[in-house]
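Heads up: the structure comes next, in structure tokens.
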Amino acid sequence: MSGLYRAPKAGEDPDRSVNVVFVGAGAVGCFYASRLHHPDHNIHVSLIARSNYRALEESGVKLQTHTFGDYTFRPAAVYPSPDAASKGAVKQWDYIIVTTKALPDVSDDSALIAPLVSEGSCIVLIQNGVGVEEPYRLRFPANPIVSGVTVISAEQISPGVIRQNRWTRLHLGPYSDSANSTSDSVETGDGTTGALVPPSPTPTPDSDSDSLNETLLSVGLDHCDRLGHYWTAFGSIPDITVSSEIDLQLIRWHKLTINAAFNPSSVLSGGLGNADMVRDPELRRHLYGVMKEIWDAAPKILGRGFPGELAGPEKILKSTERNVGSKPSMLLDWEAGRRMELEVILGNPVRLGRRRGVELRRMGTLYALLRSMQAVREGRKARL
């Protein structure tokens, strides 16, 4: 497997472009795509859009940013679907960057991007939650995967108009299949969606599998370095970091400390924003309890503790007091009648914990209640 294909470096072959396609043209996808598109360095970025397809095709992406000022990003191409992109002028997508909401209980997005993936494609997942990589690894066992975690405040204020309010941080790390699936039995996709289902018997380790994982990590790390260089040197984003596989998963779980506490609680509290919840004594105690549960469980699940530089629960709560007016994305989805990211933010962590003999009781309660609320509401819609 040492000959696994590596995408060309920008500029190393003047006749060979680095072709990138973003699957998902929301605020996060459009912002990072705009900082990666550099035709003068032979890096060409296209977008796959849904509801805002017409606006992007006609006028490009208008960005109002705190960091880089106002500008318009005109992608190399805009497509209405992955199938359309697979039939376009580009025959080899070097990077397929997925920035859609992760809803494995609704659809398996690894199947959605299948028409785009070829032998040399690197799949980059910039999504919330944990366990998002497994459906892609199962479907594309020999393709390098880069896992990404963002810290950014951005929103689409109208079709094709993106406002970046604060932060630009992006953490990148390679993914083989070991970060969530070590020596225990591993859950697999259910064949229809990307949701995790009960594990099969533990497979017997073999040297070919170990060799492939080592190669995937090596090639994946190389892709992380290249993307980090493109975003930093050409896109002027100052805070792109590259981590090992396990360290990146720890960063995922650290972000989960925030997402799994604030997102579900905002819905269950009747629509309170982050600062309002933190200022309520009982809700603050509840939020701390969820965050501390994750803080204590993640090292047992991943086999390594959080780095000392990462903020702990109390520091996060204190900083949230200033976040007045902010509504978590799960609350916005609930209020708009959309599906919530329950599986990757709550369901997957609970199941991963149980696989390691770690019960996440507070998260399990949040998951059970919100899963029921969502099912009841969808049942009512179906009867209308």
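In case you wondered, yes, glycine gets a Cβ from its N, Cα and C as well.
Keep in mind that TrEMBL annotations are predicted by a computer and have not been checked by a curator.
Summarising the annotation, TrEMBL assigns compositional bias 'Polar residues' to 177-186. Annotation comment: TrEMBL describes 21-176 as domain 'Ketopantoate reductase N-terminal'. Annotation comment: TrEMBL describes 247-374 as domain 'Ketopantoate reductase C-terminal'. Annotation comment: TrEMBL describes 174-213 as region 'Disordered'.
As a summary of secondary structure, the domain 'Ketopantoate reductase C-terminal' (247-374) carries 93 helix, 0 strand, 35 coil according to DSSP.
This prediction places the mean pLDDT of the domain 'Ketopantoate reductase N-terminal' (21-176) at 96.
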